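What follows is a single structure, written as structure tokens, with notes after it.
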Amino acid sequence: MDTLAPESTRQNLRSQRLNLLTNEPHQRLESLVKSKEPFASRDNFARFVAAQYLFQHDLEPLYRNEALARLFPGLASRARDDAARADLADLGHPVPEGDQSVREADLSLAEALGWLFVSEGSKLGAAFLFKKAAALELDENFGARHLAEPEGGRAQGWKSFVAILDGIELNEEEERLAAKGASDAFNRFGDLLERTFA
């Protein structure tokens, strides 16, 4: 993996290290999403949104965590659980009941950073998904709110997030936990996707 990024990037940017360390679960999840054909029909898309809702439901306590909010100003406004819930209502799909395994987990700050890294990073890929949703006549006002471009733009939102993420001081063990949190987040979404498409 060391050949995939310049040495200075690997050493200095946590966001780049996390990208490298989570490449396998990320690629596995992308393949799983494609296999479910979420844009084949509105019903399939609703199942995809249900997984998105459950994932955002998992993350809701992190987006409203006071310690994290001190690090990331306006963090609560980045949450998408309400948008996904509204999309499910638009699509006539019941709101699934999430389990409490992640919400009640005793995540360290470093692990939480990994989970947020995955959630915030997914907003970049959501641009492609949002365009695909248009073929189902869904948009930021109906059915695809959670994929819509955030206020201020996707690129700027991500840039501001990683600028803070990359600047937080973590020791070696905390770096490991951040990577674990990110991998766990990718795997969790895969599990939720399997559940909603079962």
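Every residue, even glycine, has its Cβ placed from backbone N, Cα and C.
Quick look at what Swiss-Prot lists:
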| type | residues | note |
| --- | --- | --- |
| BINDING | His26 | heme b binding site |
By the DSSP assignment reduced to helix, strand and coil, which category contains His26 (heme b binding site)?
helix
CB within-chain contacts under 8 A for the residue listed as 'heme b binding site', separation at least 6:
Asn19, Phe186
